[in-house]
Amino acid sequence: MSDSTGYAVNDLVWAKMKGFSPWPGRISVPPAELRKIAVKKNNPVKCIFFFGSNNYAWIEETQIKPYLQFKDTHLNSSKSAQFKEALKQIEEFRVNPEKFQPLFVGENEAANRPDPDEEFNRLREGVASGTEESGAEDGASVNNTTTPAVLESVDEATSTPMVKKSAKKKVRASLPIKLNVDKVVCESIITFQCSPRSVGNKAKAMLDDGVSGAPSPKRKKKLLNDSGELSSLDASPVRRNAPVTHLLNRPVTVTRPETPEIDMSSVSNAVQSRNIKASQLKFGFLGLGVMGCGIVKNLIKSGHSVVVWNRSAHKCRKFQEVGAEVADTPSDVVEMTDVTYSCVSDPQVAKDMVFGNCGVMSANLAGKGYVEMTGVDPETSNDINEAIISKGGRYLEAQIQGSKNQAEEGTLIILASGDRLLFEECQSCFEAISRNSFYLGDVGNATKMNLILQMISGITLAGVAEAMALADRAGLQQKDVLEVLELTNMSSEMMLQKGNAIIKGEFPTHHALKHMQKDLKLALSLADGLEQSLPITAASNEVYKHAKRLGYGSHDASAVYVRARF
């Protein structure tokens, strides 16, 4: 249904954002992320879904034009590849709107949420009904303390002018000290004073205008304490965002594509060609994340006996169907197996696996092996090593180099250090999940090597993202840039893969951006202890931190382009 402006949801339009040419878009229901952004514009605004970039933003109605009517005017307003992709998508939307429904999931969720104005009206009606019920039961006597009296006393306390110190007078409440207040109304008052700004301002206006009849100056709020007495308390300050215009002019983060479930029926050609002779030992695996799923699949397909555990138990079902056992806790995995692998998200979670409740240290570690595959710093690895050895166990750090695809194909690179005998016992597993495994000596060497390689990867990707952003702004075809790059000696599989993801504007997770930033942070920490300057790494780390703050932490690391582009 269209409103007074003539625009309705699903209308196709040209929307002009500050700093950009008119862009093909669609009038949309604002998703939850966009509703959180305060709109400080003089003119009415509409939520626009931008084709090509698949982003949302608030756009003033004065900057919106009907698509078909102004198509010829704006058709050549930009020469970028993303603009051409947007034109292609909007024409496809005109023919087959259902094809684009998966992109509008956030709108459907937002549509099911209660409207803030309706929620406010419900609260206001609750206050009004509470007033009537209280008045009917207790009458108008002040001694009986009706609900209107409570509201009047609160407003009186908040609207009384400030008394100068020289006057040496105190403002006292006119009501008796102990009050028997209707619980519903009391809760409503506190809710109004502590609610978010979008509702709180309306609530304050209602209390000021509807009860006292005049606006009150800014004062400390008078609230009722547990004993029913009026006390002066500082209400929690409402956070007021500064009017930062550039935040409104940046597209809202896109919904991260769901990671497809792993196909347990297939086996990669690389694994099949190796003729792996599986070890007779029993292996445990903690963590079935982006990398863990592919690793465990290849262990099972190569004939290894595996026991798995994951915080989200539903991820274990597919592996249980193909022969894996499922344990209830990390300590149970250790008890049931000879060697346990851990592959979780970060150093803190890795420590939780070992030292946490029902963790590895709760089990009998005598003669057992523990292999840490999580990307950690040398200090964390040494802490885990000392703990495992203190209980009679053996420790190996086996850092992995590669992405989700390489984990599923069994073509990772393993960097190991620690117990040499344990490294030899794990060779059949390493053969199933990697194309090469290296033993680097004492504990800590593998983690250092991994962080250095991640530095190279992170800095390179940040450079590719900035270069692609510049190419787009300069009017060059990003596809042409990649084609030329592929012919040079700078070309690499990673550059081309990430570059194609940037062109498509889709960032399915192969290596999460937050994990890349974590590795750069750990590398900087390592360098700080060695007093080694890393200015380029530090700058790259800030770029990833910014992209993560924009909401792209769970996207692929190539989403750092969004920060460079916008």
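Just so you know, the numbers here start at 1 and follow the chain as drawn.
Positions of Cβ are set from backbone N, Cα and C atoms, glycine also.
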Listed range which Swiss-Prot flags as region 'Disordered', given the options 106-126, 127-147: 127-147
The one of LEU286, LEU288, VAL290, VAL296 whose CB sees the fewest other CB atoms within 10 Å, among these binding-site residues: VAL290
Whole-number mean of pLDDT values that fall within the domain 'PWWP' (9-70): 84
GLY284 (NAD(+) binding site) CB neighbourhood, other CB atoms within 10 A: 28
The domain 'PWWP' (9-70) - residue tally per DSSP class, helix then strand then coil: 7 helix, 24 strand, 31 coil
